[in-house]
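K.L.:
Once you've had a glance at the structure underneath, I'll fire off some questions.
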């Protein structure tokens with residue numbers, strides 16, 4: 001018996017390899033493709049430190065709107081369209097299920113705490129109404145629940161153990177359709193067009209330097225084809241190698257934002273890579289290969305899904321409890337690209353303007369903020385990245401900050417990125433700095449990474465006086481890094497001591513219990 005189906009888009013903003021869409025269209029009389037614009041995510045927040053809403057910077061909002069526009073265009077080619085409504089997503093969807101007489105609801109499974117709570121609300125309502133609910137896993141290569149079950153109910157905490165458990169992902173489902181079932185009656189609902197940034201109340205942004213990376217499935221598949229065209233580059237790809245200072249032509253795929261929004265299927269990406277590996281033969285392997293990067297993504301998703309309080313230090317069993325400092329002045333200097341270290345500041349300005357930076361650049365600024373120089377809580381840095389990155393992904397962003405602050409996964413806290421020599425290794429002339437910090441563009445290359453060391457005559461010639469036109473370093477790297485290592489060492493020693501004490505206490509309790517049992521016998 002044919003029924004009305006509703007496919008609820010959130011992530012998964014694509015046609016190809018979209019099991020929720022595929023399930024919704026089968027045995028369907030009318031198909032309602034829905035996306036709900038959440039005012040909390042889209043409406044301007046004037047109190048935020050950067051243009052955007054309470055939840056997102058402007059670049060990611062723009063990327064989302066472009067992705068929605070592209071999805072609507074693709075659906076129209078198939079005789080359908082994207083039904084866009086506005087409001088708090090869960091209550092809106094619940095009303096639609098009832099008013100549009102929906103018999104089948106389909107949406108992609110979401111692993112994030114916010115998404116799980118939202119989806120439970122809708123699932124419970126749908127079940128009470130006798131509506132069939134399908135929530136297939138397709139944002140990741142694997143179902144995190146399956147991996148955790150294989151591991152005895154706990155998430156694997158090392159990449160190697162995750163890969164050993166994971167195996168091979170299933171193949172992607174349908175890539176294209178000739179047509180989709182028609183949309184039924186929509187009643188009195190106000191169906192919106194995909195808004196432009198200006199329509200949301202952000203004013204004229206034509207003079208703003210926004211991200212050069214544009215959203216949508218069409219752009220994602222085009223970029224994927226361009227990346228995979230160079231088979232030698234694909235087969236030799238080796239993370240963490242790559243040039244973090246390459247910005248006009250980034251030294252990586254820049255496919256992460258498309259994976260984040262689900263404009264690109266990770267399963268399809270994986271299959272395309274395996275095809276190239278099979279045709280070429282010799283290639284790099286996980287964890288450093290491109291397939292290895294997709295597996296890293298799933299690793300973080302799995303650990304995040306199975307770890308309560310994954311996004312914070314307190315109450316997080318896998319996170320070291322480190323007494324981070326609170327220094328709002330230093331945090332703001334780092335966030336706004338005003339630390340006085342051009343390499344660090346240029347990265348943060350690129351992040352603010354483009355919403356994307358190379359993974360090694362992320363490593364540098366995260367280390368600088370936390371265990372390298374400032375000893376500020378990783379959650380503070382995470383919040384800045386979460387706002388500004390177009391590829392900000394709850395599991396991966398938190399996982400990387402846990403890693404880079406040596407709070408979990410990685411513990412060699414004494415390996416610190418130099419805010420001077422690391423960037424110089426890739427870009428001795430400082431072209432990256434000159435682009436994103438034009439105030440320093442006329443400095444000779446000998447001083448571009450340490451402009452405070454330049455004689456006053458050189459500063460005057462460069463039209464940039466340090467301490468006036470560009471800040472002096474807010475910390476002394478040599479002394480600050482030593483102090484950070486000392487504090488990290490003390491925190492690690494304290495952690496080990498507490499673990500040993502807990503172990504001793506457990507043994508003592510077990511011994512007492514054993515003695516009591518013997519007495520009763």
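Numbering starts at 1 and runs along the chain as displayed.
Positions of Cβ are set from backbone N, Cα and C atoms, glycine also.
Found this in TrEMBL, in case it helps:
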- 3-141: domain 'Photolyase/cryptochrome alpha/beta' (DOMAIN)
- 252-256, 293-300, 391-393: FAD binding site (BINDING)
- 324: site 'Electron transfer via tryptophanyl radical' (SITE)
- 378: site 'Electron transfer via tryptophanyl radical' (SITE)
- 401: site 'Electron transfer via tryptophanyl radical' (SITE)
- 489-521: region 'Disordered' (REGION)
- 493-509: compositional bias 'Polar residues' (COMPBIAS)
K.L.:
Closest of the recorded sites to residue 300 (FAD binding site), Cα to Cα, picking from 324, 378, 401?
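P.N.:
Checking each of 324, 378, 401 against residue 300 (FAD binding site), the shortest Cα distance is to 401.
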K.L.:
Please compare the recorded positions 300, 324, 378, 401 by how many other CB atoms fall within 10 Å of each one's CB, and tell me which has the fewest.
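P.N.:
Comparing Cβ neighbour counts within 10 Å for the recorded positions 300, 324, 378, 401 gives 324.
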K.L.:
What mean pLDDT score does the domain 'Photolyase/cryptochrome alpha/beta' (3-141) have in the model?
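P.N.:
That stretch averages a pLDDT of 97.
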K.L.:
Which of the binding-site residues listed here (252, 294, 296, 392) have a Cα atom within 10 Å of the Cα of residue 324 (site 'Electron transfer via tryptophanyl radical')?
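P.N.:
Within 10 Å Cα-Cα: none.
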K.L.:
Where among the binding-site residues 254, 294, 296 do you find the Cβ with the fewest other Cβ atoms within 10 Å?
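P.N.:
Taking 254, 294, 296 as the binding-site residues, the minimal 10 Å Cβ count falls on 254.
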K.L.:
Ten-angstrom check, please: count other Cβ atoms within 10 Å of the Cβ of residue 256 (FAD binding site), all chains counted.
P.N.:
21
K.L.:
For residue 256 (FAD binding site) and residue 401 (site 'Electron transfer via tryptophanyl radical'), determine the Cα separation and express it in whole Å.
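P.N.:
That comes out at 17 Å between the alpha carbons.
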K.L.:
Excluding near sequence neighbours, so keeping only residues 6 or more apart in the same chain, what lies with its CB under 8 A of residue 298 (FAD binding site)?
P.N.:
140, 141, 142, 144, 162, 166, 266
K.L.:
Can you count helix, strand and coil residues in the domain 'Photolyase/cryptochrome alpha/beta' (3-141) using DSSP?
P.N.:
58 helix, 28 strand, 53 coil
K.L.:
Roughly how many angstrom lie between the C-alpha atoms of residue 294 (FAD binding site) and residue 401 (site 'Electron transfer via tryptophanyl radical')?
P.N.:
18
K.L.:
With Cβ-Cβ distance below 8 Å and at least 6 positions apart along the chain, what are the contacts of residue 392 (FAD binding site)? List them in sequence order.
P.N.:
56, 60, 260, 385, 386
K.L.:
I'd like to know which of the recorded positions 252, 254, 296, 378 sit within 10 A of residue 401 (site 'Electron transfer via tryptophanyl radical') at the Cα level.
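P.N.:
Qualifying among 252, 254, 296, 378: 378.
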K.L.:
Rounded to the nearest angstrom, how far is the Cα of residue 378 (site 'Electron transfer via tryptophanyl radical') from the Cα of residue 254 (FAD binding site)?
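P.N.:
Approximately 24 Å lies between the Cα of residue 254 (FAD binding site) and that of residue 378 (site 'Electron transfer via tryptophanyl radical').
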